[in-house]
Amino acid sequence: MPAVGIATGGSKKAYPGNLTLYVTVTCMVAATGGLIFGYDIGISGGVTSMDSFLEKFLPSVFRKKHQKETTNQYCQYDSESLTLFTSSLYLAALLSSLVASTVTRRFGRKLSMLFGGMLFCSGAIVNAAAKNVLMLILGRLLLGFGLGFANQSVPLYLSEMAPYKYRGALNIGFQLSITVGILIANVLNFFFAKIKGGWGWRLSLGGAVVPALIITVGALVLPDTPNSMIERGRHDEARHQLKRIRGTDDIDEEFNDLVTASVASNQVENSWTNLLNQKYRPHLTMAILIPFFQQLTGINVILFYAPVLFSTIGFGSEAALTSAIAVAAAIGAKFGVDGDPGRLPRWYAIVVVLFICIYVAGFAWSWGPLGWLVPSEIFPLEIRSAAQSVNVSVNMFFTFVIAQVFLVMLCHLKFGLFLFFAFFVLLMSIFVAVFLPETKGIPIEEMNEVWKTHWYWKRFVHDNHLDDGERVEMVRGGGF
């Protein structure tokens, strides 16, 4: 029975259990996996606004910035090397998330988190010691490999450990950690940029070692999820673990459903091929469109290039770093289409920053956390690792694309770029209102019921479309 009275197609499951201190601390530690994502987002934008970094690695951008080689402010940071530095990480994350799917399923969620932390740590060391652009890119690739593993495993871990009544609150800790990582990175950038000698960027990039070590050590001490233990045949350990994290001995119903789902999962020879089955069409659609829309909010434009953007609209380097904690009409009205605003009034720049802060706040309680939460809780066990890899891969692919083309698009579309993002925000809002069912308060073992009662998706997952064997798998094993 769902905690908030949502119709679930006849499901009457209401597993006993409490929000124990043990599971709370466990989820808090696991959620720190988001720190590495957030720290990198904040750091990469900050160092690319530091003159010492630009002069050493991106001299063409440095010249355009200081020697006025262009009067078009929109094109000041248009550089293939700069976009490659930013976006290479996400291409690597895309590739590693595919490998992480197999590791996560066969060896457990915590081992995947461990790999993520170790790879991210090695990338941070290479970047801090970088002598040329190639070393920077190598470091970014290592960071990306680590990020792919962490983003694959952490949301799944949180959804599986949390009691269904508190799953949303605990899973959103991942997004909170991302936000904290961004904040810490921008604060550090601000102070490191003041270091005389121009080597503060090395501290900024090398500082990624700290969040990497946190998730690495955390992965060593965290327990694995009961779902993962059962999936690998460790039933006695899983039963003991389930009792501990639920704070009750009355776990037979939930445990039996986990075992049933695992049996159905093991009968699936290839989870990637299975993803294409008609009954998983709603899940696959969401695994693709949710991360696609999340990136087309334009959030990473602000997070990656906030210091660059604020510098472009008239802030000095120091003020640009400060403002990056944080559009079309204000920028367009002042910059026009030639990108030469003259001297930007301080009040005008403050208004632009205010609107950007409102925009970021809106993202932080909507597409930010829910873009990771919803996909992590709607996949049945038999396709969960593969579907989560699709989710992460699509997210990383479009993050890569936007990071790669944003500065070029800004140069050519000018303020119209922000109208482009505004259009997709409207489109995705309509999509969610019409096609995404509510999942709050639904046990993940029963999540498939929400698709059966949805006005559109029920045509794909309804029992009438399944044979007897598939019907058992959907009812008993679906919705992890």
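In case you wondered, yes, glycine gets a Cβ from its N, Cα and C as well.
Just so it is clear, the model here is predicted, and its values are computed rather than measured.
For 26-440, the entry in TrEMBL reads domain 'Major facilitator superfamily (MFS) profile'.
Within the chain carrying the transmembrane segment (19-39), a Cβ under 8 angstroms from the stretch's Cβ atoms is held by residues 113, 116-117, 120, 143, 146-147, 150-151, 153-154, 157-158, 161-163, 165-166, 170-171, 173-185, 207-208, 211-212, 214-215, 218, 221-223, 244-247, all 6 or more beyond its ends. For 19-39 (among others), the entry in TrEMBL reads transmembrane segment.
Marked as transmembrane segment by TrEMBL: 82-104 (among others). For the transmembrane segment (82-104), the list of distant contacts is 40, 44-45, 48, 57-58, 61, 111-112, 115-116, 119, 133, 136-137, 140-149, 151-153, 156, 271, 304-305, 385-386, 388-389, 392-393, 396-397, 399-401, 403-408: same-chain residues at least six beyond its ends, Cβ to Cβ under 8 Å.
Listed as Cβ neighbours of the transmembrane segment (111-130) (distance under 8 Å, sequence separation of 6 or more from its ends, same chain) are residues 30, 33, 36, 57, 96, 100, 103-104, 136, 138-154, 157, 202-203, 205-209, 211-220, 222. The transmembrane segment annotation in TrEMBL covers 111-130 (among others).
Under the heading transmembrane segment, TrEMBL lists 136-158 (among others).
The transmembrane segment feature in TrEMBL is assigned to 170-193 (among others).
The transmembrane segment annotation in TrEMBL covers 199-222 (among others).
What TrEMBL lists as transmembrane segment is 284-306 (among others).
The annotation transmembrane segment is assigned in TrEMBL to 312-335 (among others).
The transmembrane segment annotation in TrEMBL covers 347-368 (among others).
Residues or ranges marked as transmembrane segment in TrEMBL: 388-410 (among others).
Feature annotation from TrEMBL assigns transmembrane segment to 417-436 (among others).
Among 136-158, 284-306, 388-410, 136-158 has the largest number of CB pairs under 8 A with the transmembrane segment (199-222). Sequence-distant neighbours of the transmembrane segment (284-306) (same chain, 6+ residues past either end, Cβ-Cβ under 8 Å): 41-42, 44-45, 48, 77, 86, 182, 275-276, 320, 323-324, 326, 356, 359-360, 363, 367-368, 371, 374-375, 378-379, 387-388, 390-392, 394-395, 398-399, 401-403, 406-407, 417-418, 420-421, 424-425, 427-428, 431, 435-436. Residues 27, 30-31, 33-34, 36-37, 40, 57, 84-85, 88-101, 103-104, 109-110, 112-113, 115-128, 130, 167, 170-171, 173-174, 205, 208, 212, 215, 222, 225, 372-373, 375-376, 384-385, 388-389, 392, 395-396 of the same chain, all 6+ positions outside the transmembrane segment (136-158), place their C-beta atoms under 8 angstroms from a C-beta of that stretch.
Panel annotation: around the transmembrane segment (388-410), residues 74-75, 77-79, 82-84, 86-87, 90-91, 93-94, 97-98, 100-101, 104, 144, 147-148, 151-152, 155-156, 275, 284, 287-288, 290-292, 294-296, 298, 300-301, 304-305, 308, 371, 375-376, 379, 417, 420 of the same chain, lying at least six beyond its termini, place a Cβ under 8 Å from a Cβ of the stretch.
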